[in-house]
Amino acid sequence: MAEETDTRPASAGSRGRPAPEDDDREEGEITDLACAPSPPATHPLEHSWTFWFDNPQSKSKQAAWGSSIRPIHTFSTVEEFWGLYNNINHPSKLIVGADFHCFKNKIEPKWEDPICANGGKWTISCGRGKSDTFWLHTLLAMIGEQFDYGDEICGAVVSVRGKQERIAIWTKNAANEAAQVSIGKQWKELLDYKDSIGFIVHDDAKKMDKGLKNRYTV
């Protein structure tokens, strides 16, 4: 009588080698999750920030001030900031009359915003096409929390005008002299800005007085 042959598949243990891989696996499919690449690390910022743009081409003489300001994008990490910054026009590329803002999330760059209402702004000026570096260093100082009174800061705006460009840092409480003077001095040092700069209170600016004076100067 012929010897009966065992046709059952051999187990992995019976042959001392691993079982064959599933033939149904698609080409390129990762079966071992331990080998999958980790998502790139991100570096969260202390605050989220929003870019805003005020397009002069959408303004009309009858429109209320600030009605043409629109939010562009909010970022919360270092990586998101650079992704945005590297893909937007820098001040030297903006058209005359444009205003580009970077404010803490949920603070609108308007005098009427409750957080801005009692504040003011420090302003520097430079020639046309000269503000790109100042603007970048201002942004990095703000989002990187380099100011001793960083909680007092609402945001910053760069304004492109016919003969010059202006950058301003907006703050919350104009009456807090120690905080405002500290911010002004640190800002000048960070930018290595040699000229004097002045602090204007928003309530004073609303009066449109040609004889408007700085509340503080550094």
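Quick reminder: no glycine exception, Cβ is built from N, Cα and C everywhere.
In the three-state DSSP scheme, K206 (mRNA binding site) falls into the helix class. Its Cβ taken as reference, K206 (mRNA binding site) is surrounded by 11 other Cβ atoms within 10 Å in the chains shown. As annotated by Swiss-Prot, mRNA binding site applies to 61-66, K93, 111-112, 161-166, 206-210.
Residues annotated as compositional bias 'Acidic residues' in Swiss-Prot: 21-30.
The disulfide bond annotation in Swiss-Prot covers C116-C154 and rests on similarity to another entry. Listed in sequence order, I107, E108, P109, K110, C154, W170, K172, H202 are the same-chain residues six or more apart from C116 (disulfide bond) with CB atoms under 8 A from its CB. According to DSSP, C116 (disulfide bond) is assigned to coil rather than to any helix or strand.
Annotated region 'Disordered' per Swiss-Prot: 1-39, in sequence order.
Sequence annotations record features per position, and here Swiss-Prot assigns region 'EIF4G-binding' to 43-46 (among others). Long-range contacts of the region 'EIF4G-binding' (43-46) within the same chain, counting only residues at least 6 positions beyond its ends with a Cβ under 8 Å from a Cβ of the stretch, are 75-79, 81, 143-145, 150.
Per Swiss-Prot, region 'EIF4G-binding' is recorded for 53-89 (among others), and the stated evidence type is similarity to another entry.
Across all of the region 'EIF4G-binding' (137-146), the predicted model scores a mean pLDDT of 98. Sequence annotations record features per position, and here Swiss-Prot assigns region 'EIF4G-binding' to 137-146 (among others) based on similarity to another entry.
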Tally of residues which DSSP labels helix, strand or coil - the region 'EIF4G-binding' (43-46): 0 helix, 3 strand, 1 coil
